[in-house]
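J.: This is the feature table in TrEMBL:
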- 172-343: domain 'Helicase ATP-binding' (DOMAIN)
- CYS402, CYS405, CYS445, CYS448: Zn(2+) 1 binding site (BINDING)
- CYS411, CYS414, CYS432, CYS435: Zn(2+) 2 binding site (BINDING)
Amino acid sequence: MVVPGQRDDIAAVSTGASADTHWLSVALDVPLPGLFDYRADRPVAIGTRVIVRFGPRRMVGVVADTPLAPTYPPAQVRAIDAVLDDMPPLAADWMKLARFAADYYQRPLGEVILPALPGALRKPAAYEGARSAGGPIARIDARAAKRKTGDAAPVAAAPTLNPAQQHAVDTLAAATGFETFVLFGVTGSGKTEVYLRAAEAVLRSDRQVLLLVPEINLTPQLEGVLTRRLEQAVGAGAVAVLHSGLADGERLEAWLRAVRGQARLIVGTRLALFVPLPALGLIVVDEEHDPSYKQQDGLRYSARDLAIWRARDRNVPIVLGSATPSLETWHHAESGRYVKLSLPQRASEAEPPTVSLIDTRRLKLEQGLSPQLVAAIEDRLARGEQSLIFLNRRGYAPVLNCEACGWMSTCKRCSAFMVLHRGMRSGHMLRCHHCGAHERVPPACPDCGNQDLQPMGRGTQRLEEFLAARFPNARLARIDADSTRRKGSAEALFAQVHANEVDILVGTQMVAKGHDFHNLGFVGVLNADAMLFSHDFRAPERLFSQLMQVAGRAGRRGSGADVYIQTGYPEQPVYQALVRHDYAGFAAYALDERRSAGLPPFAFQALLTAESRELATAVTFLTEARDLPTARPDLPGAEQVMVYDPVPLRVVKVADLERAQLLVESDSRPALQAFLRAWAPCLADLPGSARVRWQLEVDPLEI
Ligand SMILES: Nc1ncnc2c1ncn2[C@@H]1O[C@H](COP(=O)(O)OP(=O)(O)OP(=O)(O)O)[C@@H](O)[C@H]1O
Ligand SMILES: [Zn+2]
């Protein structure tokens, strides 16, 4: 559907088209499907940014097509206000990537293209007024011309590759076109070194490498390593870092260097997937199993999946690295569709840690800690080694409780408990992790007046408090979303751990990923069972990979490291496989289960979610959506697609909105795609759609 950008302002438009009228279909970041008609008095290439009027607003859009005629009467089509020619048009291959993503994830093209650009490039205000100085790109260039390049970083010595690393590097070097490689390397096996060598070869041939990492917090460490090693090979300024923690100017500067081909190695989180790269030669996705590659709002894309599409489209190799690949990836590696490269041993001499299960059923726990776990910390302290206690629950306690009447701290706006947090100055607070609401702890029970309210269970703050009392001479640090809220604080905390200024580290999954700790001798895992019986069919996979990753932080430089997992269910296959360090065994077991249950990777899914003040309203809309294929049996793919009944979400109410979802499933991806292409555009026209907020997610990770 193409509509003119200014239907409400027809009077201001001159009539008719002259010989030098050029019609444009422009993508705009508005929640409407399709492109928008405009005209220009000179040719404007596809991929060019333009400033246009849309209703009362001025917006930056991107020319997506140059049709011979507009879809609306020419007299109603408004002229563009300006062409932004401070950079060349977005390249054809990039536009193709955006088109694919829009089509695959069922979003308007403008909602893909514009959010993918640095903020300053999509604001008309950045180009207006005397102080705009020719726009953000001109300003950056003026600043860069004045700045001198920094001094060369010290060159780090490259280790001698072990045979498995060498084989991986050689295989990658021999790849000429598109191929998907799975670098399956146990924790600490030196996957980074393989990426580096593979990258070096590509950089020497004057091409660019895109390296995706799951976490902002991993970028400083990696950036340091990469800069020291690679700037020697390709010169200063060759590495650009991109993530959401950068200031607008920093992000634009890095993005421009990438687009212009000056930055040759681009390291970034999922958003870096959308950087235009003129000379792309290799893509690496580190920790490819990590859920943070999936964007959770707006365009709900998987950066890993799009990276594979992009590699195929550009005909370049792609490496997916992990010690615990996603079952989707592993399935393809086992079936031969992807090429598996294994690093079965740790790169240093160190042996992997010994994993033991502490059966908590017959134990007396002290603040959730078994005597074995406490003794292990004591022992490592005496040896001058670090311990990490992993508890994936932040805050002080997950709920506050009145033992007299049974009152619990529930959120007024959500069907969830408010979490007790230890405040800095203001004493304890209750916070809702779903809607963000917060309030002071009531002085007495709101229901019965009892003044003795008790925290139930424990989070990282309470654990830290207990450990500080239990080990008064140890130096403690806590790393979770609360302790790292300020910019740079995560980096500082990790630096302390690396500098051996911390004896006991308490942390959530933030500490589990990728960090190369050198002196960590012990990892204790608390409360892992919480994930064991989750409703989500991916929970065991997540639990296994999370525990394998966190266990892998131990003993990376010295042997004799221990990992204790406290559990009430030691016989569970997930735990048994962890003790054996047996990813392949776990994956085979889990894939069998998925196969017999008809779940991904043996099925393909989409999820329609609706929210409203009343659950019934959301369910009504979803029921209409479910019944569409019955009313319209001509919908393509319908006979191969299963549309389930609407169900309420597990946490049904968040911020006063009640939520339900509808699962769509097929054993054929093309059939699902064909169906979605026909079904999704009808959803907005359903009678119930006006009364709900809804969104469609393709390949959801959580159900
Ligand atoms: N060939 C080698 N010889 C000696 N040390 C090496 C070699 N290759 C890598 N290393 C070192 O081994 C350590 C672990 O490497 P790296 O961090 O790349 O592991 P990884 O495979 O990414 O592990 P994880 O999955 O746990 O993140 C690093 O300190 C690295 O410098
Ligand atoms: Zn809430």
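Glycine residues also receive a Cβ, built from the backbone N, Cα and C atoms like all the rest.
TrEMBL does not curate its annotations; it predicts them automatically.
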J.: Express the distance between the Cα positions of CYS405 (Zn(2+) 1 binding site) and CYS411 (Zn(2+) 2 binding site) as a whole number of Å.
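T.: With distance taken Cα to Cα, CYS411 (Zn(2+) 2 binding site) is 18 Å from CYS405 (Zn(2+) 1 binding site).
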J.: When the Cβ positions of the binding-site residues CYS402, CYS435, CYS448 are compared with the atoms of ligand 2, which fall under 6 Å?
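T.: From CYS402, CYS435, CYS448, counting a Cβ under 6 Å from ligand 2 as near, the near ones are CYS435.
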J.: Out of these binding-site residues, CYS402, CYS405, CYS411, which one has the fewest other C-beta atoms within 10 Å of its own C-beta?
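T.: Lowest Cβ count within 10 Å among the binding-site residues (CYS402, CYS405, CYS411) is CYS405.
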J.: Please tell me which one of the binding-site residues listed here (CYS411, CYS414, CYS435) sits closest to CYS445 (Zn(2+) 1 binding site), measuring Cα to Cα?
T.: CYS411
J.: Quick one: give me the count of other CB atoms within 10 A of the CB of CYS435 (Zn(2+) 2 binding site).
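T.: Around CYS435 (Zn(2+) 2 binding site), other Cβ atoms within 10 Å: 18.
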J.: Under 8 Å between C-beta atoms and at least six apart in sequence, can you list the same-chain neighbours of CYS448 (Zn(2+) 1 binding site), or say none if there are none?
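T.: Within the chain, CYS448 (Zn(2+) 1 binding site) has Cβ neighbours under 8 Å at CYS402, ALA404, CYS405, TRP407.
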J.: Please report the number of other Cβ atoms within 10 Å of the Cβ of CYS414 (Zn(2+) 2 binding site).
T.: 21
J.: Using the recorded Zn(2+) 1 site (CYS402, CYS405, CYS445, CYS448) as reference, state which further residues of the same chain have their Cβ within 8 Å of the centre of those residues' Cβ atoms, listed in sequence order.
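T.: Sorted by sequence, the hits are GLU403, ALA404, GLY406, TRP407, PRO446, ASP447, GLY449, ASN450, LEU453.
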J.: Could you please provide the mean pLDDT value for the domain 'Helicase ATP-binding' (172-343)?
T.: 92
J.: Report the same-chain neighbours of CYS432 (Zn(2+) 2 binding site): residues 6+ apart in sequence with Cβ closer than 8 Å to its Cβ, ordered by sequence.
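T.: Looking at Cβ-Cβ distances below 8 Å from CYS432 (Zn(2+) 2 binding site), excluding near sequence neighbours, one finds CYS411, ARG413, CYS414, ALA416, MET418, VAL419, HIS438.
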J.: For the recorded Zn(2+) 2 site, whose residues are CYS411, CYS414, CYS432, CYS435, find every other residue on that chain with a C-beta no more than 8 angstroms from the centre of their C-beta atoms, and list them by sequence position.
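T.: Everything else in range on the chain: LYS412, ARG413, ALA416, MET418, HIS433, HIS434, GLY436, ALA437, VAL654, ALA655.
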